[in-house]
Each structure stands twice: as C-alpha cells, then as structure tokens.
Amino acid sequence: MLYSVLAISLGASAGAVSRWLLGLGFNTLFPTIPPGTLLANLLGGYLIGIAVTFFAANPNLPPEWRLLVITGFLGGLTTFSTFSAEVTTLLQQGRLLWAGGAIAVHVIGSLVMTLLGMATMSLLQRS
C-alpha cells in the first residue's frame with residue numbers, strides 16, 4: 001500500500017507541475033480558451049492511449065508503474081476541473097459559441113488523441 005501511495009504521489013506531483021508549466025507558457029497567448037489547459041488535456045489523452053496499450057501488453061509489470069503513470073502523472077496533468085471552470089466562465093459571460101467550441105475541442109480532441117496514442121503503440125509494437 002505504501003508503494004502505491006508513493007507512486008501516485010510522485011506521478012501526481014510531476015503531472016501537476018507539468019500542467020502548471022503548460023499554463024505559464026501558453027495561457028497568455030489566447031486567454032479566451034487558455035491553450036495550456038487544452039494542451040494538457042490533449043497531451044494527456046495521447047499519453048493515456050500510449051500508457052493503456054503499453055500496460056496491456058506488459059501485464060507482468062508491478063502495478064505501481066501503472067499507478068505512477070496513469071493515476072498519478074496523467075491524473076495530475078489532465079484537468080477536468082479547470083476545463084469545467086473555464087467553460088462555466090464563458091457561459092456566465094454569455095459566450096455560448098466559445099463555450100461550445102471549448103467543449104468540442106477538449107472532448108473530441110482528447111478522444112482523437114487517445115486513439116492516436118493507441119495507434120502509435122500499435123505501430124511501434126509491429127516493428
């Protein structure tokens with residue numbers, strides 16, 4: 001249990017710092033739909049596609065690795081709560097089209113990126 005908690009904590013710390021750095025680096029470019037949040041979610045979608053495929057192909061790895069990467073790092077990197085707050089702000093400002101666009105780009109984009117991550121691993125496993 002202790003190793004699981006440590007793995008999740010280490011991964012979550014690295015993921016949260018990565019998300020914060022993406023926000024610092026990109027959110028000033030286009031504050032209406034902060035690109036740091038979008039990049040974190042799209043990158044997280046891609047990486048979870050890779051991770052799920054990798055761990056499915058390597059079931060003998062200790063479970064702490066999956067906890068570190070998926071529950072910890074990707075849980076800290078991706079940010080549904082920030083996305084929700086940003087969309088709510090757009091709705092409160094009456095920017096319905098922007099809110100709808102943000103929802104579409106985050107949700108559809110993350111799903112597409114997850115599929116691309118899985119496809120990447122499929123291609124790598126063939127070679």
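Just so you know, glycine gets a Cβ as well, placed from its N, Cα and C.
What Swiss-Prot says about this one:
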TRANSMEM  6-26  transmembrane segment
TRANSMEM  37-57  transmembrane segment
TRANSMEM  67-87  transmembrane segment
BINDING   G75, T78  Na(+) binding site
TRANSMEM  96-116  transmembrane segment
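Annotation for G75 (Na(+) binding site): same-chain Cβ neighbours under 8 Å, separated by at least 6 residues, are I8, G11, A12, G15. The DSSP secondary structure for G75 (Na(+) binding site) is helix. For the transmembrane segment (96-116), same-chain residues at least 6 beyond its ends with a Cβ under 8 Å from one of its own Cβ atoms are 32-33, 37-38, 41-46, 48-49, 78, 83, 86-87, 90.
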